[in-house]
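Per TrEMBL, the features are:
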type	residues	note
TRANSMEM	B:7-27	transmembrane segment
TRANSMEM	B:33-54	transmembrane segment
TRANSMEM	B:66-82	transmembrane segment
TRANSMEM	B:94-117	transmembrane segment
TRANSMEM	B:129-150	transmembrane segment
TRANSMEM	B:162-182	transmembrane segment
TRANSMEM	B:194-224	transmembrane segment
TRANSMEM	B:244-267	transmembrane segment
TRANSMEM	B:288-310	transmembrane segment
TRANSMEM	B:316-342	transmembrane segment
TRANSMEM	B:385-408	transmembrane segment
COILED	B:531-558	coiled coil
REGION	B:634-712	region 'Disordered'
COMPBIAS	B:672-687	compositional bias 'Basic and acidic residues'
Amino acid sequence: MGASQSGPVYMFQDLAQKTGFSIEQIKNLHNRFMYLTQDEDTLRRKHLENISNLALNPIRRQIIEAFFDKRNMGEKGKGCLQEIGFEEFVTVLSFFRPPKPRTADEDMKNIKKEKLRFLFNMHDTDNDGIITLDEYRRVVEELLSSYETIGAETAKAISDAAMLEVASVTVGQMGPDEFYEGITFEQFMQILKDVEIETKMNIHFWNLDTRTMQCGK
Amino acid sequence: KKCEKPCSVFGIWPSVQCFISFGFHLIPRLSSIVPESCLLIVVGLLVGGLMKLVGEIPPVLESKIFFLYLLPPIILDAGYFLPIRQFTENLGTILMFAVVGTLWNAFFVGGLLYGVCQLEGHRLVTVDLLSCLLFGSIISAVDPVAVLAVFEEIHINELLHILVFGESLLNDAVTVVLYHLFEEYSSVGSITVMDVFLGIVCFLVVSLGGIVVGAIYGILAAFTSRFTSHTRVIEPLFVFVYSYMAYLSAEVFHLSGIMALIACGAVMRPYVEANISHKSHTTIKYFLKMWSSVSDTLIFIFLGVSTVAGPHEWNWTFVMATLIFCLVARVLGVVGLTFVINKFRIVKLTSKDQFIIAYGGLRGAIAFSLVYLLKTEHFPMRNMFLTAIITVIFFTVFVQGMTIRPLVDLLAVKKKQETKRSINEEIHTQFLDHLLTGIEDICGHYGHHHWKDKLNRFNKKYVKKCLIAGERSKEPQLIAFYHKMEMKQAIELVESGGGAKFPSALPSTVSMQNIQPKKPPQDRALPQLSKAREEEIRKILRTNLQRTRQRLRSYNRHTLVADPYEDGWNEILIKRKKMKELEKKMNNYLTVPAPPPDSPTIARARLASDPQAWGLKSVTESIPTIKVDLASPQSPESVNMVDEFGKKGSQSKASKEEEGGLTMKVPSPTNQRKDKTADEDNDKEPQQRLMRCLSDPGPTAEEEDEDEAFLP
């Protein structure tokens, strides 16, 4: 912070335009970013791991990875980054911005697609564009990881059932020799079309200063 | 003589109701235009008119009967099946509408009516401010009975439904407080600021007190249900008794009985359902629906009869003014409140939503009963109030109730989604919950998800351990959902008679085989077959399957290809315990039959894997499989089943023999068990007993329409 007070303002405006947040919200997020990184310039994984509330979350690994995933940054590249700047931080968070009230249907569809893409990327860890059975199994295992008594077989059974369902719904008829590779993005969109992602996958970004709320560390 | 009262109640009214339902469904067009509640009121009017003609005094809806016997079942039904998720997500909005909205309505209507009364002069001047305010407070409350009756039929989307319905439930506290406040003070004659302050305190006490009372009884009921594993038959009774006690206790202390009932039902449900048997759950569900339906009908009929009977005093100005002010107040209130609420909501309420909310503000029998309770000594204009209220009720129920459906269609308001919850959606809903909580933590603010997560954690750690019996206390929601889904599928398949048609839209030939990554071909014990021969065999098997499918041991799709040896012995032992539980639970249902006969997957599976491998063991392997027994272990029927199976087994074997080629060995269960499951104790007995023919449902098959989610 300190000397470069005017610089960030332009950056903020750019970001605001790019991501759709308001200037106030970006300022708050910047404060939060500084808080998390303890005034460094870039955010690393360990900064996010330090948030104590996050430690209780069963899917924290995937959430943290999502912040460092190149695919979410709007680039064509694949792979992960080791550290991200404020711009990337806000870009990832913009996936959770609620759509503005008077959004046209077409835009809503795009927003929904983007959010689903984010979810898809979280599941598809090897970047091949398909969620394989193993990847899905891992997702279910992580979801159930907070329950100690549940073994791997249950997760396996559930993920098998889920894959079966996806295949049944999207592909329908398959001969016995055909092998279902995995869930593609289109199929992912199809099975989740009833979940209303565009209204559910949002959090409230307040316009107030959140610095005063002591949470996390 | 002594039979007269019961005779009239149990004889006349239900028969009237049957007659109506019968007629209603004979004329389907009528039911699409006129909501049932309207028709019932009309019938009530007719009956009342008839009785008056005959010379008898038609019975009026006694407030005591209404509040003690007719109202609780409806509210309990609503509270028990309240969709908790949507309710809590929109709680802020609902509270705003219920509290602020009702207050606004009450004062607006009351105040303006007073003004009109003063202006009008002659008869109306005697109506003082407090009476007007009292009247306003009674008439401003949206009625849950009427809302339920109308909204049930229009299948509107869940958000709007829960908003209007939640409001109608929660405004009871406001109504109670205002009612008692104004009633007491109108005898005194004036109100001071202190009284207003007291009123606010009173409101908090009434509402929170009601909720606390309900929650206590709910927890007691949940705790009791933990120990009812030996007295399954009376489990439903606990639910009803505790809920009713909660209602009565709240009413005794002048707290809000409705809120107590809602709190009781909502609190006890997740725990009770984890503890009680499936049959008890069905009993509870159907009894609640039955009672609430009867109450509903009786209320509307009585309303019609009371209209004919009750002492009336028609005053054009007053009645018209009431009606107009009510409507105006409602619209203004909704619009104003939405403006404020939308600043805090993520999903904003559109003007279409606002219109429906305003239009759905129906008044009903509660208002009528409250006015009826007023004593004429204190309120000389009581009859006028009665008339006005009846007019408003009629207007809202008839006009608004009848027109809301075409309006919903006209405005293209989103309707309720009828699709079943799939396991994928469930997985992702949970995933989203955790994701959003995580993002909130990263962003650093305590939002809705954060608190919900904290509550869930607390629930899991402490509460569930106390209130849920045994192993199920540690069961995550996903697993529970999965079990439920499997059970539903099993039941559906039984109902469809095990026919080739599956309940799902398209018969899918996708099976586990298509999903499992290709394994290296195992050593075949069978000789290599040429492609042509394989095809031939497959064809034969396919036709055979169609015939004998029903007689063979059925498999859960998921266990089909899984190599039973893969997971090792230890797994079996660990799973044994889980299987025991599942068996206990699913004593009377059948397994999920195999995939449709046209798919050669079964045949293929049998060719590829060890023929002995698919047997009881593969069912034991995977935990969530539903395994069914025809009867409980001690039932004498079991003996017959084994014999029957033996017979059928040999039958199928015989028919196989003649076809030549491969014979599908139907393994005898006892052999199987001796080989593989030597360690398992006799509890595995039930597995021996085979599912009976799917073609013959038998006496224990239950007809269920599982339209409601078992667990939230």
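Glycine is no exception: its Cβ is also placed from the backbone N, Cα and C atoms.
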Handout entry: CB contact flag for the transmembrane segment (B:316-342) and the transmembrane segment (B:129-150), at least three pairs under 8 A
Key = yes
Exercise for the section: Using Cβ atoms only, state whether the transmembrane segment (B:33-54) and the transmembrane segment (B:94-117) have three or more pairs under 8 Å that are 6 or more apart in sequence. Expected result: no
Handout entry: Same-chain residues near the transmembrane segment (B:66-82), Cβ under 8 Å, at least 6 residues beyond its ends
Key = 144-145, 148, 165, 169, 239-240, 243-244, 247, 251, 257-258, 261-266, 269, 284, 288-289, 291-292, 294-296, 298-299, 302, 365-366, 369, 708
Problem - Proximity verdict for the transmembrane segment (B:129-150) and the transmembrane segment (B:385-408), three or more C-beta pairs under 8 Å - result: yes
Exercise for the section: Report, as numbers and ranges, every residue of the chain located at least six residues beyond the transmembrane segment (B:385-408) whose Cβ falls under 8 Å of a Cβ in that stretch; write 'none' if there are none. Expected result: 32-35, 37-38, 41, 135, 138-139, 146, 149-150, 153-154, 156, 303, 306-307, 310-315, 318-319, 322-323, 326, 356, 359-365, 367-368, 371-372, 374, 379, 415
Fill in the blank from the handout: Other same-chain positions with a Cβ less than 8 Å from the transmembrane segment (B:194-224) and lying at least 6 residues past its termini are 170, 173-174, 176-178, 180-181, 185, 238-239, 242-243, 245-246, 249-250, 253-268, 271-272, 275, 466-468
Exercise for the section: Take every residue in the coiled coil (B:531-558), average their pLDDT values, and give the whole-number result. Expected result: 60
